[in-house]
2 protein chains.
Amino acid sequence: MTFKSYMNQALEQARAAAERGEVPVGAVLVDPNGQVVAVAGNQTRAQCDPTAHAEIVALRAACAAAGSERLVGYDLYVTLEPCAMCAAALAAARVGRIYYGASDPKSGGVAHGARVFSHPQAHHKPEVYDGISGAECEQILREFFSRRRGENGSDTGG
Amino acid sequence: MTFKSYMNQALEQARAAAERGEVPVGAVLVDPNGQVVAVAGNQTRAQCDPTAHAEIVALRAACAAAGSERLVGYDLYVTLEPCAMCAAALAAARVGRIYYGASDPKSGGVAHGARVFSHPQAHHKPEVYDGISGAECEQILREFFSRRRGENGSDTGG
């Protein structure tokens, strides 16, 4: 499979999250053999868990399946630039590469703000590839927030 | 209860973590009425979960109990400066105050490295109080790593 097809699976998860009323972000973890080992969408509302971002849900599932707190050589595909929490979790898990779609100037922690991988306190720095299916990833988020503003009269954030 | 007695409960959790062979960090979450609603020690090894730091385990338990992904007005007591992952999770949960013990120049994300709360991408900035029972918190970590170095012939990190 190519990186585009992995990102398509992440996009499916993002769309499913939107249908559940969750901020539409999706993630896919791929093992060193190219096998998809975990897929997840954002679940913060349904789980009442501020840590249940797509990346963390997928990471916890993949670690449980591997019986290890480290995923050396695994790749993460995610539709939105990870926040500082997810970036630091991916570093702690020693994930090899991160492919993300849309940039997140408002809440991102890889290319914005905390820039988690740019400090020596991140003991592992995954390779990062941005802009993968970026326009499509962004469109899902834009439609979700536009619809929510229409319903609520205000944007309650994501 | 005073902040020292809350930190004593966090220290108990840190000692219990050490006995389980986990990096000895403990955390306590207190609700706006001063009630302890969650206590936890680090569980990354036992759970095979790189996100199972004491702060995150306590945060998830308190959110589940509250039925909310936000803990407005809650206080967190933790024996070690939170890493970038935990700091960002605490900001996402809107925790009001963070009291921590030992400073963590190697892996900290509050006063070191990513300094998560110092960027506009952190949409909430908890009040931070450092050095609470700092010497005692540090001593538990120092003894743990010193013992491990003795057993392994090397420090395998934390």
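Just so you know, glycine gets a Cβ as well, placed from its N, Cα and C.
Any TrEMBL annotation is an automated prediction that lacks curation.
Taken from TrEMBL, the feature domain 'CMP/dCMP-type deaminase' applies to B:1-111. DSSP states for the domain 'CMP/dCMP-type deaminase' (B:1-111), grouped as helix (H, G, I), strand (E, B) and coil, give 43 helix, 23 strand, 45 coil.
The feature Zn(2+) binding site is assigned by TrEMBL to B:His53, B:Cys83, B:Cys86.
The annotation active site, proton donor is assigned in TrEMBL to B:Glu55. B:Glu55 (active site, proton donor): 31 other CB atoms within 10 A of its CB, across all protein chains.
B:Glu55 (active site, proton donor) and B:Cys86 (Zn(2+) binding site) are 6 Å apart (CA-CA, integer value). Sequence-distant neighbours of B:Cys83 (Zn(2+) binding site) (same chain, 6+ residues apart, CB-CB distance under 8 A): B:His53, B:Asp104, B:Ser107, B:Gly108, B:Gly109.
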